[in-house]
Amino acid sequence: MAKRVLLASPRGYCAGVDRAVIAVEKALERHGPPVYVRKQIVHNVHVVGSLEKKGAIFVDQVDQIPPGAVTIFSAHGVSPAVVHSANERGLQVIDATCPLVTKVHREVIRFSKAGYFILLIGHSGHEEVEGTSGHAPDRVLVVNSPDEADTIDVPHTDKLVWLSQTTLSVDETLETVKRLRLRFPHIQDPPSDDICYATQNRQAAVKKIAPLSDLVIVVGSANSSNSVRLVEVALENGAKAAVRLDYADELDPALLDKVDVVGVTSGASVPEILVRDLLEVLARAGYTKVESVQTAVEDLVFSLPKGLRESRK
């Protein structure tokens with residue numbers, strides 16, 4: 001069989017990531033460096049490194065930022081406590097929280113005010129989960145996995161609703177909800193799907209190429225939830241092997257031994273140049289035929305954060 005690449009589409013940048021990265025670039029143009037960013041603007045080492053070279057400074061907490069400095073909140077969102085701390089320091093805040101994450105924040109606020117206890121399906125410690133749960137810390141409990149759904153101790157069970165992190169495995173989330181419903185039949189669903197369109201689309205594309213691939217390569221960083229999920233989805237849907245890497249030069253040539261078909265995709269925070277670099281490496285290894293496998297068309301564009309909206313150019 002001739003060596004070939006199955007290139008998943010959609011892949012790479014989603015609308016929220018594109019918006020956040022442009023926000024940092026625009027802030028640097030307008031205000032000049034340094035511009036401070038709380039946490040990584042998106043979870044990709046290449047993107048963060050590129051922005052650092054342009055003058056962005058990434059910090060873990062707002063108390064590391066000089067008073068009055070231009071500060072950007074990452075795409076993953078923040079809690080009200082972080083907003084309060086930023087205001088106390090007089091920071092010039094540009095909020096690059098993804099609008100789809102903000103939607104979940106609003107759901108938390110609305111349900112908690114209505115007396116609901118919220119089971120937030122997600123990964124404890126992830127910045128998005130910390131920001132979301134911070135909007136009602138006494139009314140939110142994080143459920144990390146289907147197995148945890150079987151045993152988690154819920155203090156208030158009369159009015160329950162489940163919400164989720166936006167970058168989870170669709171299938172694993174459905175399994176978690178199924179198990180929660182066995183214990184709490186009255187648990188309410190969110191008003192709309194919390195897992196974002198880009199996460200779902202990228203997983204659907206991987207499901208299409210996985211059973212046809214001897215190896216699936218996911219370009220993405222280790223701390224990128226949606227990239228890690230793509231590896232899991234590939235393995236769960238028929239790929240003989242799957243790996244994640246940040247850069248093409250990390251690819252171990254031994255992985256290509258006896259491999260005829262390589263599936264390629266990338267996480268939602270990955271610029272296309274990194275995929276192109278990988279395709280060049282694969283071409284040199286004999287994988288010159290590239291077939292695009294498209295499962296959806298994405299044309300969503302978010303407006304830039306307040307204060308940066310006059311131009312996206």
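Numbering starts at 1 and runs along the chain as displayed.
Every residue gets a Cβ built from N, Cα and C, even glycine.
According to DSSP, C14 ([4Fe-4S] cluster binding site) sits in a coil region rather than a helix or strand. Within 10 Å of the C-beta of C14 ([4Fe-4S] cluster binding site) there are 30 other C-beta atoms, taking all protein chains into account. For C14, C98, C196, the entry in Swiss-Prot reads [4Fe-4S] cluster binding site.
Taken from Swiss-Prot, the feature dimethylallyl diphosphate binding site covers H43, H76, H126, S224, S225, N226, S269, and the record attributes it to sequence analysis. Mapped onto three states, the DSSP output places H43 (dimethylallyl diphosphate binding site) in coil. The Cβ of H43 (dimethylallyl diphosphate binding site) has H76, S221, N223, S224, S225, S227, G267, S269 as same-chain neighbours under 8 Å, each 6 or more residues away in sequence.
Residues or ranges marked as (2E)-4-hydroxy-3-methylbut-2-enyl diphosphate binding site in Swiss-Prot: H43, H76, H126, T166, S224, S225, N226, S269. The number of other Cβ atoms within 10 Å of the Cβ belonging to H76 (dimethylallyl diphosphate binding site), over all protein chains shown, comes to 28.
The feature isopentenyl diphosphate binding site is assigned by Swiss-Prot to H43, H76, H126, S224, S225, N226, S269, with sequence analysis given as support. According to DSSP, S225 (dimethylallyl diphosphate binding site) is assigned to a helical segment. When other Cβ atoms within 10 Å of the Cβ of S225 (dimethylallyl diphosphate binding site) are tallied across all protein chains shown, the result is 25.
Within 10 Å of the C-beta of E128 (active site, proton donor) we count 25 further C-beta atoms, all protein chains included. Look at E128 (active site, proton donor): DSSP puts it in a helix. Look at Swiss-Prot and you will find E128 tagged as active site, proton donor, backed by sequence analysis.
Cα-Cα distance from C14 ([4Fe-4S] cluster binding site) to E128 (active site, proton donor): 16 Å (rounded to the nearest whole number).
For N226 (dimethylallyl diphosphate binding site), other Cβ atoms within 10 Å of its Cβ number 27. Compared over the binding-site residues T166, S224, S269, the count of CB atoms lying within 10 A of a residue's CB peaks at S269. Checking each of the binding-site residues (T166, C196, N226) against E128 (active site, proton donor), the C-alpha distance stays within 10 Å for T166. Taking the centre of the Cβ atoms of H43, H76, H126, T166, S224, S225, N226, S269 as the (2E)-4-hydroxy-3-methylbut-2-enyl diphosphate site, the nearby residues of that chain (Cβ within 8 Å, site residues left out) are V42, E128, T167, N223, S227, G267, A268. Annotated pair N226 (dimethylallyl diphosphate binding site) and C98 ([4Fe-4S] cluster binding site), C-alpha to C-alpha distance, rounded: 14 Å.
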